[in-house]
Amino acid sequence: MRVYVLNGPNLGRLGTRQPEVYGTTTYADLVELCQRTGRELGLEVVVRQTDAEHELLGWLHEAADLGAAVVLNPAAWSHYSVAVRDACALLRAPLVEVHISNIHAREPFRHQSVVSAVATGVICGLGVDGYRLALYHLAARHR
């Protein structure tokens with residue numbers, strides 16, 4: 001099973017951006033975690049990150065066309081991007097929304113995600129381990 005692990009704006013800065021919120025794991029470490037977990041579970045994992053919304057939309061369309069499952073950290077786009085939400089709604093396979101921090105324990109403008117309503121499930125506040133848990137969930141659903 002193919003799984004796209006898609007990451008939105010500023011996640012390429014993991015390890016240096018607000019380590020008190022996002023931890024010290026780098027983006028390269030996150031990619032390795034996802035790929036290693038995917039290998040252990042027999043998943044074909046494709047990990048991508050972008051700061052350009054149109055690029056994320058293209059990847060979501062690609063996943064929809066291929067019937068691939070998605071682990072998505074939409075980052076700031078989760079709070080306001082109807083375009084990202086609508087692209088997620090096109091997916092035919094499961095979508096797990098992941099946030100490294102607990103968005104409900106942060107500033108009020110971060111409490112709502114427009115993506116959550118079209119996601120199969122949401123994991124937040126568990127650090128980068130949320131990605132691993134999302135991949136385990138998708139593998140279990142596939143069996």
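Here the Cβ of each residue, glycine as well, is placed from N, Cα and C on the backbone.
The annotation site 'Transition state stabilizer' is assigned in Swiss-Prot to ARG17. There are 12 other Cβ atoms within 10 Å of the Cβ belonging to ARG17 (site 'Transition state stabilizer').
Look at Swiss-Prot and you will find TYR22 tagged as active site, proton acceptor.
According to its DSSP assignment, ILE100 (substrate binding site) is coil. If you look up Swiss-Prot, you'll see ASN73, HIS79, ASP86, ILE100, SER101, ARG110 marked as substrate binding site, on the strength of sequence analysis.
Of all the Cβ atoms in the protein chains shown, 24 others lie within 10 Å of the Cβ of HIS99 (active site, proton donor). For HIS99, the entry in Swiss-Prot reads active site, proton donor.
Here the C-alpha separation of SER101 (substrate binding site) and ARG17 (site 'Transition state stabilizer') works out to 12 Å. Taking Cβ-Cβ distances under 8 Å and a sequence separation of 6 or more, the neighbours of HIS79 (substrate binding site) in its chain are PHE109, ARG110, GLN112, SER113, VAL114. Cα of ILE100 (substrate binding site) to Cα of ARG17 (site 'Transition state stabilizer'): a distance of 12 Å. Between the CA atoms of ARG17 (site 'Transition state stabilizer') and ASP86 (substrate binding site) there is a gap of 28 Å, rounded to the nearest whole number.
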